[in-house]
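In TrEMBL this protein carries:
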type	residues	note
TRANSMEM	33-55	transmembrane segment
TRANSMEM	67-84	transmembrane segment
TRANSMEM	90-114	transmembrane segment
TRANSMEM	126-146	transmembrane segment
TRANSMEM	152-171	transmembrane segment
DOMAIN	160-379	domain 'Major facilitator superfamily (MFS) profile'
TRANSMEM	206-223	transmembrane segment
TRANSMEM	235-254	transmembrane segment
TRANSMEM	266-284	transmembrane segment
TRANSMEM	290-308	transmembrane segment
TRANSMEM	329-346	transmembrane segment
TRANSMEM	352-372	transmembrane segment
Amino acid sequence: MTLGMWVGLLAAAQVLLPSQIEAIDPSDKVWLMGAVTTSGAIAAVLAAPVMGALSDRTRWGFGKRRCWVLGGIACCAAALLAMSRQSSVVVVGICWTVVHGGVGGIHAVLCAIIPDKVPVHRRGTVFAILGFAQPLGLVLGTLLVSGLSVRVGYPVVAALVVVLALPYALIGRDVPASAEPTPVGRWLPDPSALGRDFGWAWAGRFAAQFATSLATIYLLYFLRDEIKVGDPANGVAVLSLLYTAGIVTVSLVVGRISDRAEKRKVFVILAAVLMAGALTGMALVPTWPMAVAAATALGAGYGAYLAVDQALATQLLRSKGDRGKDLGTMNMSTSAAVAIAPVVAAESVAYGGYPMLFLLAAGMAVLGGFLVQPIKSVR
């Protein structure tokens, strides 16, 4: 289920969408790519807490979480199909807004399932396993579409999104919703009710995701324009595979160690520092061998960060009845970072080239790690 969601978003974002925009307007591809991805990310920011809150309150027999997840999948698949025939940046942007907004809402609902069913001492491990879906989706998606045209690639991705959702649709089970009536005000995010520790975690995740978004949004253009790779789409697929290898190798190990040690913050900080080191290497030595090494190290750091940080976030939740909404609020940090990053990335490339872009990403990664240090309620 999660794999299908990431296939739909990342295969399009890394290969199909930049190729489509470049074909429509090659001279303004950087700015147009930034505008389209920003619109999608804004939709994800809004969709995450809304769909999370709706899943908290839904009492349908089909499942309080499942119905919203499958509805989001259907919207994403339909929008991906529509994108395959578009030659207008405006229409592409509208379709991408639906895709990314759907993924933002789906992710919030899926994250709420973990604290519904998994005890605290196992969440690092479970989130590590769940985290495999994102890089695997990136690799699977890019490998599938790297040799395909836009008209063929989008339908292939849409079909895969639907197929991978079928097991969850057929056998997924949810924890029943509370029968208590919900005040209207509790449907909206309330930062004051979530506490200061939640705010530090939100800011830390925003910074770390901002770093990752800066580093990856123009990867295809970086390989083509800076490193001069002969086949940049294939290069993205190779780096995605190495990135995935780093995540898979490290995240499960770190998640288990974090569970057993009953500590989260130190692992988040170490993971962020590793990410920063990889990004600094990309900035200072823009060569294919460095890109290969940096992709592996960045994957290892990001995988460890995701596994532990998501487990940390679930330990900061105050209300069982608001898990979907509150984790949706936490996921707003990711979507907000993705929304802002394209604009900042475009400015960075315009004024300082790709070295400035990767150095800025490295600084944000470090900041993302150390912002969790003030958290008091989790070790």
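The backbone N, Cα and C atoms fix where each Cβ goes, glycine too.
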Out of 33-55, 67-84, 235-254, 329-346, 352-372, which stretch has the largest tally of CB pairs under 8 angstroms to the transmembrane segment (90-114)?
33-55
Count the CB pairs under 8 A between the transmembrane segment (33-55) and each of 235-254, 266-284, 290-308, 329-346, 352-372, then give me the winner.
329-346
Quick check for me: are there 3+ Cβ pairs below 8 Å between the transmembrane segment (126-146) and the transmembrane segment (352-372), leaving out pairs under 6 residues apart?
no
For the transmembrane segment (235-254), which recorded stretch in the set 67-84, 152-171, 266-284, 290-308, 352-372 gives the largest number of Cβ pairs separated by under 8 Å?
290-308
Quick one: mean pLDDT on the domain 'Major facilitator superfamily (MFS) profile' (160-379)?
85
Taking residues 6+ outside the transmembrane segment (352-372), which of them lie with a CB under 8 Å of any CB in it?
200-201, 203-212, 214-215, 218, 222, 226, 264-265, 268-273, 275-277, 279-280, 282-284, 286, 301, 305, 309, 312, 344-345
